[in-house]
Amino acid sequence: RPPCAMDWQVLTRELSLYLESQVRVGFFGSGVGLSLVLGFGVAYACYYLNSIAKKPQLVASNDRFCRFLEEYCPVVTETYYPTIWCWEGRVQTLLRPFITSRPQVQYRNELIKTADGGQISLDWFDNNDSSYYPDASTRPTVLLLPGLTGTSKESYILHMIHQSETLGYRCVVFNNRGIAGEELLTPRTYCAANTEDLETVIRHVHSLHPSAPFMAAGVSMGGMLLLNYLGKTGRDTPLMAAAIFSAGWNVFESVESLEKPLNWLLFNYYLTTCLQSSISRHRQMLEKLFDMDLVMKARTVREFDKQFTSVMFGYRSIDDYYEDASPCRKLKSVGIPVLCLNSVDDVFSPAHAIPVETAKQNANVALVLTSCGGHIGFLEGIWPRKCTYMDRVFKQFVQAVFEHGNKIFSM
């Protein structure tokens, strides 16, 4: 018999002896009960190992970029083992905020002015205790962009900062206008297509630390905004590289997916109420330009964008806004190394909308596609509290860029 058959035989015999020693009475005390438990366990393990736990698909046209990732960011080539009891995409998406820990981070807040008279809130983690980079002027800096209604307090941002802290890096979180507690000074918030505020932040951070290696990481809408910026600027950016997590590549496909009945119930309606809540505090300022009663009646993200976001940024229609906001249309123009992690079971970014063919045409782009993980989920381990697969990809790629980046910048 093959070795694997012997292993399963030994495993089932040992498990049977253990259960018999632990359970003496009732259903599990009978041979039938034990056989059912063992049979189910073995069948589930086989299904998990054959159909759930898989190596991610790495899409990159540049052999040098691929070799760089394989050597310095090996997590993207290793089998991803989703949490065995919650691997389905929607479940991972829903549970991650409640399961993952929230590392303690002490921020230093900075408010910067914009050309139109507004203000942007930045939360700095200076990492002044860094033993690897004691000189603040050359300490590597990571700019972090949270999701649609996210701030520097999101657990996934806190985890990224915790990972960066161990490596000695500095972080700064770009909070979109009006959602981090600061006042709106003008009747304008933010959207995925308009990169003016991000450009202001990048120039500001770079001017403070012009000698420091500088890169960025964006999550969900933050990733979309970052991709749209990179597609606009090409190589003309102080950023060395970027990491993108769970971006919605085609907004038309994303909103259509989120409007399916179950997804609307689980995600769309809640996300819409979060958007409404984020602007309700600024109602007095926004009422100068918008019918806020109508905006507050929206029941989907599409309705909110139609009544509010697309109007605010001067689009003729919501379709014009969604077309401009979709990063898939700008990917071909990205001019610096970018690593993009998506799960193919993410209802926010359907698998068929991921621009695989476009990515193959740009030597600066690498896609990492997992079979499970949901939207900003990527839970792994029996009790996935401290570190996710996404966290490990972030840590390895950021470290690879800052410490071995010269190997890809000559691409």
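Including glycine, each Cβ sits where the backbone N, Cα and C put it.
Copied over from TrEMBL:
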ACT_SITE  SER220  active site, charge relay system
ACT_SITE  ASP346  active site, charge relay system
ACT_SITE  HIS375  active site, charge relay system
DOMAIN    140-381  domain 'AB hydrolase-1'
TRANSMEM  25-49  transmembrane segment
> In sequence order, which residues at least six apart in the same chain have a CB under 8 Å from the CB of ASP346 (active site, charge relay system)?
Replying inline: GLY89, THR93, SER246, GLY373, GLY374, HIS375
> For SER220 (active site, charge relay system), what residues in its own chain, 6 or more apart in sequence, show a Cβ-Cβ distance under 8 Å?
Replying inline: PRO146, GLY147, LEU148, GLY150, PHE245, SER246, ALA247, GLY248, PHE348, HIS375, ILE376
>> On average, what pLDDT score does this prediction assign to the domain 'AB hydrolase-1' (140-381)?
In response: 97
>> Give me the count of other Cβ atoms within 10 A of the Cβ belonging to HIS375 (active site, charge relay system).
In response: 25
